[in-house]
Ligand SMILES: Nc1ncnc2c1ncn2[C@@H]1O[C@H](COP(=O)(O)OP(=O)(O)OP(=O)(O)O)[C@@H](O)[C@H]1O
Ligand SMILES: [Mg+2]
């Protein structure tokens, strides 16, 4: 269970350009479920994901994972959490330029001191599953948007994280690839992985396997806060 | 331990990939760094070698050298003057020497020709012993090659080379030709009983000044040169040149400081973003720093190595060719000499500490500052 209690995020706190991206968010997301955050651009979806995944700290409020409060932990522990708990597909992919697709996928394994050959095989398998076997040796900047996105997905899954987070994962994918990706997500969820997505894409809201839809607007949850909001409740 | 080593290996691998990915920038970096180290180490090697030569020269310098001056020029000294000097109170021995310079028209080099003080070193008639610079200058590579020297009359005289000195101090041996006194007199046309100068030893170092004062009064034509005088001359010569080298080294260090400060001033947006990404995918702040240490270490140690080896080659193999314009004054005294390789370990370590450490610090500090922030903030 991932729980946010009264989470507020201010950017540029105390400066004239201070901006509240999230207001007192209360939210609980179940383990093993697939949850989707939706809302207009700028509503705070990415910010919320960053806080969930311990990439950013809330200005106030608490984040807890399986009952343990993590929002106040020192950086060291947060690293550990990021490494062992979350796989994150970023909205802007955040791949390292100059490295190949394969090297990018292997990035999260470097500090683990894992066996290189085995890791490489695992990374290759991930890329293959996403139809990128022939792009593995290509520098990331030569990949198309969709290929880069799939590389980012492969990277998020390389360490087998219990929680997979994807920010607008289908934005650069055509229908066929988006469907393929959704099938992968459904598989992952069926295998017990927690999946948290944001999306503008109705294909995702309506996809099979989505358990929960949460709607954000202007940094507030306007629908689906308590989990009763089922898919049937319809669009925003 | 295994995990630690594997992790370091993985980080080092990543570093290598990172370095090769910014090849142009890193080559430029290593080039600048090596150049600075090259300038600094050349100056350092040169200064150390000069100082080493000085000690060698002084160690071998006689306590008192007596020259005869006529109209400000050196003249030959008759044997009875040697006896007079030996008779002064406090003087333990006085010996007439035979030595001079020989300008070799064939190769344009100057040799120092002398009859050695040590009787054991005196070659047989018709034979010479030479410093290694002589056959080198003449291009006489082969064993047993005779040395032909032309006399001032123009006729050639043949000498058999008994042996070649290897370097101890280049100043002392490289251009040296040792001769039998009989050959020396014949070759330079110096009558029996005359010497080029006289060396004297004293019983007590502290009495040198007194002895010289008295002797000067008794032999007003003679000039007495003490070891202290020689030391002063060398010191002047070396100080002036070392001063130049210090300026050069200072300029090098300054360049390096600017270079390091530029690096320390901050990371490029691209580098910061990369660090954010690494942290976001689970790298610890320590992992990021370790990776950057590898990077800084490979760059700085590599550049240090290249720079010092190039500096060493420059000074000792190419005789400090790039310093030649400022150091040409040497030719007046010891033409065409090569420095003896001499390395001051402490200096080398100092140079390493002065370059590698600040560079590593300049690399790591901004990384540490960036890497300790939240990945989200660093990445955006
Ligand atoms: N580092 C920052 N500094 C200042 N403002 C920020 C920063 N990051 C985000 N914001 C602002 O916070 C708000 C929420 O941003 P966020 O990226 O969470 O939106 P989003 O819902 O993901 O939008 P999109 O659908 O376009 O991705 C936006 O108005 C954005 O401009
Ligand atoms: Mg977003």
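Glycine is treated like the rest: Cβ placed from N, Cα and C.
Feature annotation from TrEMBL assigns transmembrane segment to B:27-50 (among others).
Among residues of the same chain six or more beyond the transmembrane segment (B:243-261), those with a C-beta under 8 A of the stretch's C-beta atoms are 32-33, 36, 39-40, 43-44, 46-47, 323, 326-327, 354-355, 358-359, 361-362. Under the heading transmembrane segment, TrEMBL lists B:243-261 (among others).
Residues or ranges marked as domain 'ABC3 transporter permease C-terminal' by TrEMBL: B:269-373.
Residues annotated as transmembrane segment in TrEMBL: B:301-327 (among others).
According to TrEMBL, the feature transmembrane segment maps to B:348-368 (among others).
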Residue list, the transmembrane segment (B:27-50) vs rest of chain: Cβ under 8 Å, 6 or more residues beyond ends.
238, 241-242, 245-246, 248-249, 251-253, 255-256, 259, 299-300, 302-304, 306-308, 310-312, 314-316, 320, 322-323, 339-344, 347-348, 351, 354-355, 359
Per DSSP, what is the residue tally for the domain 'ABC3 transporter permease C-terminal' (B:269-373) in helix, strand and coil?
83 helix, 0 strand, 22 coil
